[in-house]
Amino acid sequence: MEVTAAPFSSIVPSRQNLSSSSFSIFASSPTSLFLSRKNPGNANLKYKSPRSISVRASSTSDSVVTLLDYGAGNVRSIRNALRHLGFSIKDVQTPGDILNADRLIFPGVGAFSPAMDVLNKTGMAEALCKYIENDRPFLGICLGLQLLFESSEENGPVKGLGVIPGIVGRFDSSADIRVPHIGWNALQVRKDSEILDDVGSHHVYFVHSYRAIPSNENKEWISSTCNYGESFISSIRRGNVHAVQFHPEKSGEVGLSVLRRFLDPKSQHRQKPMEGKASKLAKRVIACLDVRTNDKGDLVVTKGDQYDVREQSNENEVRNLGKPVDLARQYYKDGADEISFLNITGFRDFPLGDLPMIQVLRYTSENVFVPLTVGGGIRDFTDASGRYYSSLEVAAEYFRSGADKISIGSDAVYAAEEFIKSGVKTGKSSLEQISRVYGNQAVVVSIDPRRVFVNHPDDVPYKVIRLTNPGPNGEEYAWYQCTVSGGREGRPIGAYELAKAVEELGAGEILLNCIDCDGQGKGFDIDLVKLISDSVGIPVIASSGAGIPEHFSEVFEKTNASAGLAAGIFHRKEVPIQSVKEHLLEKGIEVRI
């Protein structure tokens with residue numbers, strides 16, 4: 001995952017400002033060691049770029065994997081995947097740990113420039129190059145692939161490790177594609193890559209804004225490519241050196257097979273994934289779990305009817321549809337492409353004090369190997385003692401607990417209002433802070449609008465659309481008023497204006513709800529989804545209103561939505577996830593199977 005970010009020395013919160021609950025973000029990571037050293041090595045290291053590598057056999061029966069984790073983003077997922085496969089982990093603390101590794105995995109997370117800063121200042125860059133030059137077993141993931149190239153245009157140009165010829169550049173959004181590239185895409189395997197032998201025609205999960213392009217100079221390195229507006233390098237292999245642009249730890253059973261082949265190349269005990277038919281970027285089917293505390297204090301999955309989550313009974317209790325971790329695991333088995341947790345309790349007290357939700361993420365990520373999103377209460381906060389916690393600290397705890405993406409709701413509305421009013425990016429909003437550090441692909445903005453009918457487009461100073469179906473009094477037009485506080489408070493900003501503003505502020509994806517359609521089972525608001533998905537260049541997730549599989553095909557056929565999200569129909573087992581995907585396949589819509 002990579003986008004423009006500030007140097008790590010300026011973005012990592014100081015320990016003095018962290019509570020005991022957030023200290024764990026850094027306590028288990030070598031990041032603090034990297035940043036606290038005096039004169040941590042020559043930042044202008046000189047080393048040769050290995051252009052040819054002699055292949056030598058390398059194998060070990062040891063179950064230890066060395067992991068280069070410099071403390072940014074969600075690395076818990078790769079740790080969980082390795083443990084799931086029966087391997088233990090040794091963290092890199094010094095350059096010597098790299099040189100002494102039997103197998104090294106570098107799950108690059110963050111931005112190119114600060115990553116290279118850390119590698120250079122600690123001597124890790126030189127050690128990595130020597131390790132690779134000696135043809136030792138290496139697997140780079142996402143940014144761990146990009147850093148192998150000569151340079152990157154991200155916040156640059158910035159020099160890379162120089163192992164592979166080529167420059168890493170940003171996707172061209174003018175090529176009628178959405179940037180970031182988020183979702184499940186197909187590989188075109190070029191040669192025997194070993195670790196991709198079980199992938200076949202299956203989708204794998206990508207999330208990135210920058211890519212490397214195939215050329216005559218690097219063609220001997222390329223083991224697979226992927227098409228997204230253009231052909232880009234999705235994996236490399238030379239000898240025992242591998243790297244992938246996609247995330248195997250987030251690519252389900254297919255991704256686990258990639259890790260298994262790298263870790264134990266001589267193993268004959270493999271279960272090949274079922275046959276796939278991947279050819280391009282798939283439309284995603286996302287399961288959403290609205291999580292809150294019920295009246296007994298238990299954390300439960302609930303579902304609202306136009307945002308009302310209480311049963312219409314004498315007891316008026318919170319609707320309980322199951323336990324969050326159990327449901328998430330079941331949806332993973334059922335084929336959900338992503339799992340989204342929305343904590344609708346709203347963190348009435350201290351955000352980092354909501355330990356049950358953090359535990360939900362940790363337990364879920366142990367056995368669920370698809371992307372996880374969490375939303376609710378991610379904002380700046382001052383507790384009862386007057387201590388201030390930034391939204392960045394709150395988000396960091398969730399990333400380190402297993403979240404891949406953070407969903408911001410009300411706070412994004414306030415930030416957009418200020419931006420529209422002043423025309424100035426302050427850099428202080430939660431949206432800007434988190435996207436700057438973790439990348440815009442890690443930030444989802446959840447929009448909760450309701451229809452406001454009008455008789456004429458000039459009646460309001462917001463974007464008005466002509467409705468497919470007239471309003472209750474024959475109104476032909478409507479605008480979509482954004483809300484905060486779980487839909488309880490309307491704000492003077494429309495969904496169109498909000499979407500445009502948050503894209504500018506750094507959002508990488510939009511979760512588009514509709515209060516009018518929520519819980520109705522009559523279909524997505526096609527007018528709204530088309531309005532927003534046609535107006536922004538980032539992926540849009542259609543939400544609210546799905547009742548039958550045909551609602552998913554309708555939204556994909558009539559709008560530019562990248563994904564469809566549902567909750568109640570999955571929780572109540574009215575429509576299985578596989579039924580949705582089978583229907584989409586019958587309609588000729590590409591999905592992951």
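A Cβ is built for glycine as well, from the same backbone N, Cα and C atoms used for every other residue.
According to TrEMBL, the feature domain 'Glutamine amidotransferase' maps to 67-262.
Summarising the annotation, TrEMBL assigns active site, for GATase activity to Cys142 (among others).
In the structure as shown, the Cβ atom of Cys142 (active site, for GATase activity) sits within 10 Å of 26 other Cβ atoms. Annotation source TrEMBL lists L-glutamine binding site at Cys142.
A sphere of 10 angstroms centred on the C-beta of His247 (active site, for GATase activity) encloses 27 other C-beta atoms. Marked as active site, for GATase activity by TrEMBL: His247 (among others).
Taking the Cβ of Glu249 (active site, for GATase activity) as centre and 10 Å as the limit, one finds 28 other Cβ atoms among all the protein chains shown. The active site, for GATase activity annotation in TrEMBL covers Glu249 (among others).
The active site annotation in TrEMBL covers Asp290 (among others).
The substrate binding site annotation in TrEMBL covers Gly377, Asn513.
For Asp448 (among others), the entry in TrEMBL reads active site.
Of all Cβ atoms in the shown protein chains, 28 besides its own fall within 10 Å of the Cβ of Asp448 (active site). The Cβ of Asn513 (substrate binding site) lies under 8 Å from the Cβ of Ser446, Ile447, Asp448, Pro449, Ser543, Ser544, each of which sits 6+ residues away along the same chain. You'll find the Cα of Glu249 (active site, for GATase activity) roughly 27 Å from the Cα of Gly377 (substrate binding site). The Cα of His247 (active site, for GATase activity) lies closest to that of Cys142, out of the recorded positions Cys142, Asp290, Gly377. Across the structure, Cys142 (active site, for GATase activity) and Asp290 (active site) are spaced 30 Å apart at their Cα atoms.
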